[in-house]
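Participant: Take a look at the following structure, please.
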Amino acid sequence: MCRIAGGPRTLLPLLAALLQASLEASGELALCKTGFPEDVYSAVLPKTVHEGQPLLNVKFSNCNRKRKVQYESSEPADFKVDEDGTVYAVRSFPLSAEQAKFLIYAQDKETQEKWQVAVNLSLEPSLTEEPMKEPHEIEEIVFPRQLAKHSGALQRQKRDWVIPPINLPENSRGPFPQELVRIRSDRDKNLSLRYSVTGPGADQPPTGIFIINPISGQLSVTKPLDRELIARFHLRAHAVDINGNQVENPIDIVINVIDMNDNRPEFLHQVWNGSVPEGSKPGTYVMTVTAIDADDPNALNGMLRYRILSQAPSTPSPNMFTINNETGDIITVAAGLDREKVQQYTLIIQATDMEGNPTYGLSNTATAVITVTDVNDNPPEFTAMTFYGEVPENRVDVIVANLTVTDKDQPHTPAWNAAYRISGGDPTGRFAILTDPNSNDGLVTVVKPIDFETNRMFVLTVAAENQVPLAKGIQHPPQSTATVSVTVIDVNENPYFAPNPKIIRQEEGLHAGTMLTTLTAQDPDRYMQQNIRYTKLSDPANWLKIDPVNGQITTIAVLDRESPNVKNNIYNATFLASDNGIPPMSGTGTLQIYLLDINDNAPQVLPQEAETCETPEPNSINITALDYDIDPNAGPFAFDLPLSPATIKRNWTITRLNGDFAQLNLKIKFLEAGIYEVPIVITDSGNPPKSNISILRVKVCQCDSNGDCTDVDRIVGAGLGTGTIIAILLCIIILLILVLMFVVWMKRRDKERQAKQLLIDPEDDVRDNILKYDEEGGGEEDQDYDLSQLQQPDTVEPDAIKPVGIRRLDERPIHAEPQYPVRSAAPHPGDIGDFINEGLKAADNDPTAPPYDSLLVFDYEGSGSTAGSLSSLNSSSSGGDQDYDYLNDWGPRFKKLADMYGGGDD
């Protein structure tokens with residue numbers, strides 16, 4: 001319970017009563033209260049308490065004020081309180097009922113303000129079942145008395161007693177239901193009351209844990225409790241009459257579940273991994289292991305202590321590490337961590353509750369794996385004091401020597417990787433050392449060409465060190481040194497020209513045979529006494545030759561600055577110098593001839609063609625000059641007209657505009673349209689000057705008002721060249737040949753088509769209403785024809801041959817016809833096909849011949865034919881019903897048919 005110093009003692013009793021009633025109705029204060037947050041602190045202890053044993057921890061709330069609070073116990077002979085609120089036993093003694101309850105006081109050192117809290121200590125339950133309490137031993141909780149009115153003011157009477165919380169150990173073995181307290185109202189003497197409890201654990205989940213006898217008010221627990229699930233139950237007790245009317249205000253009943261040490265500590269990880277650099281000093285932090293206990297952390301059951309059970313390996317000391325028993329921090333306690341000897345340590349860590357009490361505490365273990373990390377405590381060391389190598393001269397990017405070192409540090413780490421450098425013997429920087437990342441070897445490499453004639457041997461001083469500096473306190477030198485002897489091998493080198501290119505200045509127009517200069521190549525291998533010969537490699541204009549022995553260059557043609565092979569007045573030629581070494585080597589040199597201009601080109605008129613009108617007005621011709629020479633052998637130019645022929649100066653006049661341009665105009669008033677060649681004399685400014693008569697083709701044409709030639713004149717004036725005319729004629733001839741070939745091909749195709757039509761089966765020739773009677777159904781049933789009957793019979797007597805008369809095909813025959821009729825007028829071919837073909841040819845040759853020659857015999861259909869006689873087929877109508885006069889218009893071949901159908905009764 002807490003008391004506020006300087007409380008409102010001067011306030012009216014009514015205000016105090018109202019304020020206290022309001023606070024009790026709300027159940028809690030909204031503002032922070034200085035003091036103990038709990039009304040009662042409880043702990044479960046063994047029967048025997050040892051001296052110095054921590055019992056529990058009480059907390060004090062300062063409300064964020066910097067108060068200096070001093071604790072003291074109401075039983076100082078048995079208990080003391082530390083500054084952090086931990087309660088210790090002053091002496092060893094068996095815990096009795098008298099010592100199970102005491103008070104703890106907290107006093108502000110500055111204001112002397114004082115607070116107190118009750119402490120209840122409970123004995124651990126024995127393994128045997130607790131005996132049932134006698135009825136007279138059951139505690140009672142009586143409802144407080146109601147407020148009474150005195151003199152018009154409310155006044156609360158004192159309670160019979162303060163309702164303390166009920167402490168109930170977890171995991172109780174019963175028997176159940178186990179009686180706790182009896183709830184009673186002092187009005188049960190006059191009324192018949194009924195008691196009940198509400199809240200979590202009674203009528204709210206988890207329901208049925210606490211029950212009350214409605215008549216006697218006996219409150220009981222029905223099952224063992226588990227503090228790790230619910231540490232406190234808050235119930236409300238009610239008292240009503242038999243009609244259900246409330247008799248007493250509900251009272252709060254708090255049931256604290258007293259913690260039992262029923263949970264072992266559990267590590268957050270079964271295996272913990274940490275690391276520490278080798279060579280670390282004692283006290284170096286390594287890692288932290290953490291375990292948790294589900295029991296009450298404010299009681300001994302949840303207070304853990306750590307310790308190291310074992311260390312493997314145990315070298316160089318079995319106790320290389322220690323652990324803070326409260327925080328779990330692992331630190332080093334001994335020197336001598338060396339990764340090259342021991343790379344990893346394995347520790348077995350134990351966590352025990354009850355503050356590490358080995359007798360009562362529960363424990364658990366975990367593994368801590370500590371890796372010793374590498375530091376640079378071993379410098380690289382060369383495996384030899386001197387290394388040897390050789391390199392051909394003028395070679396670069398060649399590995400000369402391979403430097404090897406040893407390093408005991410962890411491979412492929414900055415403490416193991418070697419860095420090489422050349423500390424002496426290479427003032428010009430011709431060598432470099434690269435590090436092989438796999439083997440850590442140093443590769444001595446040539447980075448600049450070496451001349452054998454200048455340096456035949458190098459002695460290099462090299463050093464090797466790690467990428468990171470050595471760790472502090474290491475006695476070894478930070479680097480290792482060695483020497484490298486490099487021998488240079490002589491090789492045949494290329495001859496070279498100096499200078500290259502060689503530039504000379506000469507005037508153009510030099511005659512052939514003129515000696516220009518001498519190209520001389522140098523041989524770097526002066527100790528080999530080799531001969532050099534010269535050849536021409538590139539001479540675009542073929543103007544030069546070179547002496548193969550002494551390198552003299554002579555012209556073989558006239559040098560011309562205006563040649564297309566000369567660029568910017570410079571002519572380039574390339575020559576080759578070769579020695580007779582083994583193997584032979586060669587080098588190239590370039591000769592650049594800067595050609596000086598002379599006045600060797602006469603100027604020409606530009607443009608070479610122009611047009612003007614028939615009259616002097618309204619336009620004129622502007623001309624200029626083209627000279628391939630350069631100043632001072634070019635412009636300014638002089639323009640003039642020649643004296644002959646006389647018509648030139650009579651018809652034309654020229655006026656100089658400036659040094660580069662002149663103007664040509666008609667001198668006469670009218671010049672007939674046409675093309676005129678006007679010679680113009682142009683003179684340059686060379687010394688001596690050079691003149692030229694250049695022809696300007698001028699087209700004189702009719703002009704419009706704007707001074708432009710009309711289209712008619714342009715068309716008339718346009719001329720075709722001979723080549724163009726020949727090409728046009730060739731195209732016309734080829735076109736005519738193609739047309740002729742196409743006509744011949746068409747004629748030939750028509751003849752072939754006509755010949756094929758003569759052989760067309762009459763079945764395909766259907767004209768108007770001409771019917772075909774040679775088709776009698778789905779084909780002949782008898783396919784065994786006697787082809788000999790279709791041939792000319794030789795055994796028939798002449799008097800037996802009876803001519804066949806011409807008759808209508810749609811009329812029944814009047815008399816019986818012979819079975820095998822024979823054409824008497826037919827020749828005697830051996831096959832009926834030949835007979836038909838000959839008849840067709842005769843009809844084609846004689847257009848006036850009647851068509852009966854092509855009549856076929858249809859009355860023989862083979863032996864055994866089931867077809868009836870064709871004469872049995874009657875026409876559906878008489879011949880007079882139809883008009884067949886149009887058959888006369890079909891030509892001679894249908895004349896017979898026209899007579900048969902169009903001749904009436906005849």
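Positions of Cβ are set from backbone N, Cα and C atoms, glycine also.
In case it's useful when we look at the structure, here is the feature table from Swiss-Prot:
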BINDING   Glu170, Asp226, Glu228, Asp262  Ca(2+) 1 binding site
BINDING   Glu170, Glu228, Asp259, Met260, Asp262, Asp295  Ca(2+) 2 binding site
BINDING   Asn261, Asn263, Asp293, Asn301, Asp353  Ca(2+) 3 binding site
COMPBIAS  863-880  compositional bias 'Low complexity'
DOMAIN    604-717  domain 'Cadherin 5'
CARBOHYD  Asn190  N-linked glycosylation site
CARBOHYD  Asn273  N-linked glycosylation site
CARBOHYD  Asn325  N-linked glycosylation site
CARBOHYD  Asn402  N-linked glycosylation site
CARBOHYD  Asn572  N-linked glycosylation site
CARBOHYD  Asn622  N-linked glycosylation site
CARBOHYD  Asn651  N-linked glycosylation site
CARBOHYD  Asn692  N-linked glycosylation site
MOD_RES   Ser96  phosphoserine
TOPO_DOM  160-724  topological domain 'Extracellular'
TOPO_DOM  746-906  topological domain 'Cytoplasmic'
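Mind mapping these onto the model and telling me what they sit next to?
Facilitator: Sequence-distant neighbours of Asp262 (Ca(2+) 1 binding site) (same chain, 6+ residues apart, CB-CB distance under 8 A): Glu170, Asn171, Asp295.
Secondary structure at Asn263 (Ca(2+) 3 binding site), taken from DSSP and collapsed to helix, strand or coil, is coil. All protein chains included, Asn263 (Ca(2+) 3 binding site) registers 18 other Cβ atoms within 10 Å of its own Cβ.
Counting Cβ atoms from all protein chains shown, Asn190 (N-linked glycosylation site) has 7 others lying within 10 Å of its own Cβ.
Of all the Cβ atoms in the protein chains shown, 11 others lie within 10 Å of the Cβ of Asn273 (N-linked glycosylation site).
Asn325 (N-linked glycosylation site) is surrounded by 16 other CB atoms, counting those within 10 A of its CB over all protein chains shown.
Annotation for Asn402 (N-linked glycosylation site): same-chain Cβ neighbours under 8 Å, separated by at least 6 residues, are Phe387, Asp441, Gly442, Leu443, Val444.
Reduced to three states, the DSSP call for Asn572 (N-linked glycosylation site) is strand. With a cut-off of 8 Å between CB atoms and residues at least 6 apart in sequence, the same chain places Pro501, Ser538, Pro540, Thr590, Leu591, Gln592 near Asn572 (N-linked glycosylation site), listed in sequence order.
A strand conformation is recorded for Asn622 (N-linked glycosylation site) in the three-state DSSP classification.
Asn651 (N-linked glycosylation site) falls within a helix when secondary structure is assigned with DSSP. Around the Cβ of Asn651 (N-linked glycosylation site), a 10 Å sphere holds 17 further Cβ atoms from the protein chains shown.
A C-beta separation below 8 Å, combined with a sequence spacing of at least six in one chain, links Asn692 (N-linked glycosylation site) to Ala602, Pro603, Gln604, Val681, Ile682, Thr683.
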Participant: Determine, to the nearest whole angstrom, how far the Cα atom of Glu228 (Ca(2+) 1 binding site) is from the Cα atom of Asn651 (N-linked glycosylation site).
Facilitator: 133
Participant: Residues with Cβ closer than 8 Å to the Cβ of Asn301 (Ca(2+) 3 binding site), same chain and 6+ apart in sequence?
Facilitator: Val44, Asp259, Met260, Asn261, Asn263, Asp293, Asp295, Asp353, Met354
Participant: When you measure from the Cβ of Asn261 (Ca(2+) 3 binding site), how many other Cβ atoms are you left with inside 10 Å?
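Facilitator: So the Cβ neighbour count for Asn261 (Ca(2+) 3 binding site) comes to 22.
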Participant: Going by C-alpha positions, which of the recorded positions (Asn190, Asp226, Asn325, Asn622) is nearest Asn273 (N-linked glycosylation site)?
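Facilitator: Checked the recorded positions Asn190, Asp226, Asn325, Asn622; minimum Cα distance to Asn273 (N-linked glycosylation site) goes to Asn325.
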Participant: Round to the nearest Å and give the CA-to-CA distance linking Asn325 (N-linked glycosylation site) with Asp226 (Ca(2+) 1 binding site).
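Facilitator: The Cα atom of Asn325 (N-linked glycosylation site) is 28 Å away from the Cα atom of Asp226 (Ca(2+) 1 binding site).
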Participant: Have a look at the binding-site residues (Asp226, Asp259, Asp293, Asp295, Asp353) and report the one with the fewest Cβ neighbours inside 10 Å.
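Facilitator: The binding-site residues Asp226, Asp259, Asp293, Asp295, Asp353 were compared, and Asp226 has the fewest Cβ atoms within 10 Å.
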Participant: Tell me the coarse DSSP state (helix, strand, coil) of Asp293 (Ca(2+) 3 binding site).
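Facilitator: For Asp293 (Ca(2+) 3 binding site) - judged by DSSP and reduced to three states - the answer is coil.
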Participant: Going by DSSP assignments with H, G and I as helix and E and B as strand, what are the residue counts for the domain 'Cadherin 5' (604-717)?
Facilitator: 13 helix, 51 strand, 50 coil
Participant: Taking only the glycosylation sites Asn190, Asn622, Asn651, which one has a CA atom nearest to the CA atom of Asp226 (Ca(2+) 1 binding site)?
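Facilitator: Minimum Cα distance from Asp226 (Ca(2+) 1 binding site) across Asn190, Asn622, Asn651 lands on Asn190.
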